[in-house]
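Q: Sequence annotations record features per position, and here Swiss-Prot assigns motif ''HIGH' region' to 25-35 based on sequence analysis. Per Swiss-Prot, Zn(2+) binding site is recorded for Cys122, Cys124, Cys149, Glu151, and the stated evidence type is sequence analysis. The motif ''KMSKS' region' annotation in Swiss-Prot covers 270-274, and the record cites sequence analysis as its basis. As annotated by Swiss-Prot, ATP binding site applies to Lys273.
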Amino acid sequence: MANANSPKSSTPLGEGVPPRVRFCPSPTGNPHVGLVRTALFNWAFARHTGGTFVFRIEDTDAARDSEESYEQLLDSLRWLGFDWDEGPGVGGPHAPYRQSQRMDLYKDVAQKLLDGGYAYHCYCSTEELDTRRDAARAAGKPSGYDGHCRELSAEQKAAYEAEGRTPIVRFRMPDEPITFTDLVRGDITYLPENVPDYGIVRANGAPLYTLVNPVDDALMEITHVLRGEDLLSSTPRQVALYRALIELGIAKSVPEFGHLPYVMGEGNKKLSKRDPQASLNLYRERGFLPEGLLNYLSLLGWSLSADRDIFTIDEMVAAFDVKDVNPNPARFDLKKCEAINADHIRLLDVKDFTERCRPWLKAPFANWAPEDFDEAKWQVIAPYAQSRLKVLSEITDNVDFLFLPEPVFDEASWTKAMKEGSDALLRTAREKLEAADWTSPESLKEAVLAAGEEHGLKLGKAQAPVRVAVTGRTVGLPLFESLEILGKEKTLARVDAALAKLTA
C-alpha cells in the first residue's frame, strides 16, 4: 500500500481555480445561529471569489433526521437570502445532494479502501475496547484504538467470524505526523499517537460521517472546507483519507481547511443549539431583519474595519477573506445584535419598512379587530415607529393605541405615571388640549407644557400621565405626533377615561 501521508499524494490546487465550498448541515431540530454563521462565511467566500457554493444535506442519521427539519432548513436559508449554485432544488453535476441518496457510492469507496489496504476489518467488541482503553489510561498511554486488528491473518479473521462477530471497517492512519495549513490558524501538526485508526463503516454496513463527509467533498471537488473549530481534531483523519482517495483516483486534491472560532454564550460556554438564544426561529419570530442578523453574525470572528460595525451584505461579500477571520472565540451579545438590527431597520426605505411590519399588524400578534385597523393612520405613524424599533415585533405594542377602542393599561406604567396630583394635571392638560391647534404637534406640546407649568412640572413629568392615559404605556412613539394621528376626539375621550379610573 502506498503511504497515505506521502507528499506526492497531496495535489495542490492550481492557480486561478475557482473555489468550491460546501455547507452541509444535518436536518435535525431547529437551525441555530452558529450554523448560520458557518453558512454565511462559506457563502460570502464563494461570492467574493466567484466560486461555487454547494448546499449538501447530511441526512444519514435516521433516528434524528426529519423531513420537517429539512424543509425548515431550506425555508430558513431562503429567508436569510442565501442562494446556492448546486444542491436541493437546483441540482448540479454531482447530484444527488442528500447523503441518504448516495449510500451506494460510500459502500463502493469503502470497498476500494479495503481492497487497497487503506482500511481493514476490526472485530473488537465494545467490552474489549473499553478494557484495553482503561488499561492504557492507567498506564499513562494514549487511550485511542490500539491497532489490535490491523494485521489479522485470514485464520484469525475466520475465527472471529466463527464466533459470530461482525466487523466494522477502520481506516488505517499513517505512522507519521500529519501537518496541514489552516487558513485561520496557520500550520498545525498532529502526531500519530494522538490520531489512532478510526471507524468508517458500522458493523451493519452503514457508513459513518467520518467516511461520507470527506468522500462527498472529494467527489464534489470541494476545494475549501470552512467549518467550526469543534471539527478541527477530525482534520488529520480526513487529510489522511483524502490522500488515500487521491491514490485511488477518487479525489483530485486535499482541500484547504479553515476552522472558524467558537461562538460563546453565557458563562464562557460554547453556544449550544439547545441554548434558547441560539435558535434562528427565535430571531425570525421576533422580527429581526435578515440583513441585520447576518451583519451581526459576520462580526463573530470577522470585521469589515476596526471602526465600522454596520454594513450591507454586499459590502461584506466585497471585502470577505477567510484569512482575515480571527481564531479567538467570539461572544454572542444579544444586546449588540439588537442594536445592529435597529440600525438596519432605520436604513430601510419607509415603504419597505411598512410592508415588512405587516405580519405583526394582524393576528395572532395584533390585539385589535381586523376591521379597526386604519391603513391611513398606519402610513402616517410608520416613519415615527421606524426610528424607535429594535425588532419588528415591537411594532404591535407601539401602535396598538391607534387601533384599539381604548388603551390597554400596562399596570407598571400606570403606577409609575399616575402619582398624587395626576388627576389635577390631567384636567388642566385636557382643557389646554381641547383649545389647541390639532393640525400641529408643536401646538399640542405647548398645551401639555403649559399644563405642567401650572402645576410646577417640567415637560417630561407633565407628559407622562398624558402618555399613559392615551397609549397605556410610559414608553412609546413621539407623544405629540401620536396624539395628532389619533385625533382630538379619541385623545380627549381617553383622558376622560383615565380621570374616571383615577377618581373611581
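In case you wondered, yes, glycine gets a Cβ from its N, Cα and C as well.
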Q: Can you list the residues of the same chain, besides Cys122, Cys124, Cys149, Glu151, whose Cβ falls within 8 Å of the Zn(2+) site's Cβ centroid?
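A: These residues sit around the Zn(2+) site: Tyr120, His121, Tyr123, Gly147, His148, Arg150, Leu152, Pro167, Arg170.
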Q: When secondary structure is assigned with DSSP, how many helix, strand and coil residues does the motif ''HIGH' region' (25-35) contain?
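A: Going by DSSP assignments, the motif ''HIGH' region' (25-35) contains 3 helix, 1 strand, 7 coil.
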Q: When a 10 Å sphere is centred on the Cβ of Cys124 (Zn(2+) binding site), how many other Cβ atoms does it contain?
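A: Its Cβ shell of radius 10 Å holds 19 other Cβ atoms.
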Q: Please work out the helix, strand and coil residue numbers for the motif ''KMSKS' region' (270-274) from the DSSP assignment.
A: 0 helix, 1 strand, 4 coil
Q: Using DSSP and collapsing to three states, where does Cys122 (Zn(2+) binding site) fall: helix, strand or coil?
A: strand
Q: Do you know which of the binding-site residues Cys122, Cys149 has the most other C-beta atoms within 10 angstroms of its C-beta?
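A: Ranked by Cβ atoms within 10 Å, first place goes to Cys122.
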Q: What count of other C-beta atoms do you get within 10 angstroms of the C-beta of Lys273 (ATP binding site), across all chains shown?
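A: The answer is 15.
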